[in-house]
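Read through the structure below, which is laid out as structure tokens, and then see the notes.
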Amino acid sequence: MADITRIGVVGAGQMGAGIAQLAAVNDVDVWLYDTVSEALINAQKSISNNIQRLLTKGQISQATSVDAVKRLHCSSSLEDLHSVDLVVEAIVESEQVKKSLFADLDKIVKSSAILASNTSSISITRLASATSRPSQVIGMHFMNPPPIMKLVEIIRGADTSEDTYCATKCLAERFGKTVICSQDYSGFIVNRILMPMINEAFHTLYTGVATKEDIDTGMKLGTNHPMGPLELADFIGLDVCLSIMKVLQAGLGDDKYAPCPLLVQYVDAGRLGKKRGIGVYDYRDAAAKTRGPPRL
């Protein structure tokens with residue numbers, strides 16, 4: 001398979017924008033697609049600011065920064081991805097929505113293109129079934145935020161070819177990432193281990209064993225984790241954590257993966273974490289303090 005020189009990224013949220021930035025600064029032309037124009041504007045602004053920050057810190061050259069900005073193309077038309085070598089989807093963690101997208105992309109992109117999913121838990125084999133090219137469908141799970149986290153988890157579906165795997169692995173390594181490979185089982189490697197730990201932290205809070213602060217401090221200082229599990233859940237998004245736990249429970253058929261009732265309650269209440277200003281912790285006061293008093 002030829003080298004990947006052009007990619008498409010579907011979804012201009014934090015993950016999609018981060019993946020697009022990685023491509024642009026590593027000499028890959030990238031088309032960032034989203035249906036929401038405001039998301040594209042925000043993503044383009046964020047990527048430009050991040051590239052400028054890398055330049056200021058001396059992590060990239062002036063020439064690289066100028067070239068990276070030129071390599072980024074934002075679009076609200078899926079048809080603009082017709083000539084890319086690989087597409088990474090970074091949309092909502094819903095099997096039905098992802099399948100629908102892959103079915104559409106299958107009709108648009110060239111026959112040699114790879115369809116990659118940034119899913120953190122959904123079966124790659126089932127996503128591939130929505131296309132006519134299952135051998136060219138693969139999981140490419142970036143960690144959040146993609147420009148900073150060093151790991152990419154690659155997941156091979158039942159029909160993923162060796163060429164597809166090698167091309168995707170080479171691209172991840174070109175982005176400066178360490179690659180691990182998982183077989184196509186619910187949760188893969190990272191979330192198969194991480195999410196039950198987060199769920200257990202919720203149970204520990206739910207049953208009154210300790211306060212949220214002591215749970216997080218215990219795991220940070222007692223196991224050398226950089227962030228406690230409840231704080232990490234807020235950062236990931238409690239709705240995402242809940243979705244993954246449901247996938248684990250259904251896919252592995254074991255009730256030990258049943259989501260904690262407190263996690264379910266928080267999501268039902270709209271307490272989704274940092275992106276909403278409140279989750280396990282309340283970030284609204286901190287944001288207000290950062291902004292300072294209103295100007296008169």
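Using N, Cα and C of the backbone, Cβ positions are placed for all residues, glycine too.
Curation does not apply to TrEMBL; its annotations are automatic.
Quick look at what TrEMBL lists:
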- Gly11, Ala12, Gly13, Gln14, Met15, Gly16, Asp34, Glu93, Lys98, Ser120, Asn144, Lys275: NAD(+) binding site (BINDING)
- 7-184: domain '3-hydroxyacyl-CoA dehydrogenase NAD binding' (DOMAIN)
- 187-283: domain '3-hydroxyacyl-CoA dehydrogenase C-terminal' (DOMAIN)
- His141: site 'Important for catalytic activity' (SITE)
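For the domain '3-hydroxyacyl-CoA dehydrogenase C-terminal' (187-283), the number of residues in each DSSP class (helix H, G, I; strand E, B; coil) is 66 helix, 3 strand, 28 coil. Taken as a whole, the domain '3-hydroxyacyl-CoA dehydrogenase C-terminal' (187-283) shows an average pLDDT of 97 in this prediction. Cβ neighbour count within 10 Å across all protein chains ranks His141 highest among the recorded positions Lys98, His141. On a Cα basis, His141 (site 'Important for catalytic activity') lies 14 Å away from Gly11 (NAD(+) binding site). Met15 (NAD(+) binding site) sits 10 Å from His141 (site 'Important for catalytic activity'), taking the C-alpha atoms as the reference points. With Gly11, Ala12, Gly13, Gln14, Met15, Gly16, Asp34, Glu93, Lys98, Ser120, Asn144, Lys275 listed as the residues that bind NAD(+), the site has a largest C-alpha separation of 22 Å. Rounded to a whole value, the Cα-Cα separation of Gly13 (NAD(+) binding site) and His141 (site 'Important for catalytic activity') is 15 Å. The Cβ of Met15 (NAD(+) binding site) has 22 neighbouring Cβ atoms from other residues within 10 Å, across all protein chains displayed. Between the CA atoms of Asp34 (NAD(+) binding site) and His141 (site 'Important for catalytic activity') there is a gap of 19 Å, rounded to the nearest whole number.
Summary: among the binding-site residues (Gly11, Gly13), the fewest other C-beta atoms within 10 A of the C-beta are counted at Gly13. Separating the Cα atoms of Lys98 (NAD(+) binding site) and His141 (site 'Important for catalytic activity') is a whole-number distance of 14 Å. Taking Cβ-Cβ distances under 8 Å and a sequence gap of 6 or more within the same chain, the neighbours of Asn144 (NAD(+) binding site) are Gln14, Met15, Gly18, Phe235, Ile236.
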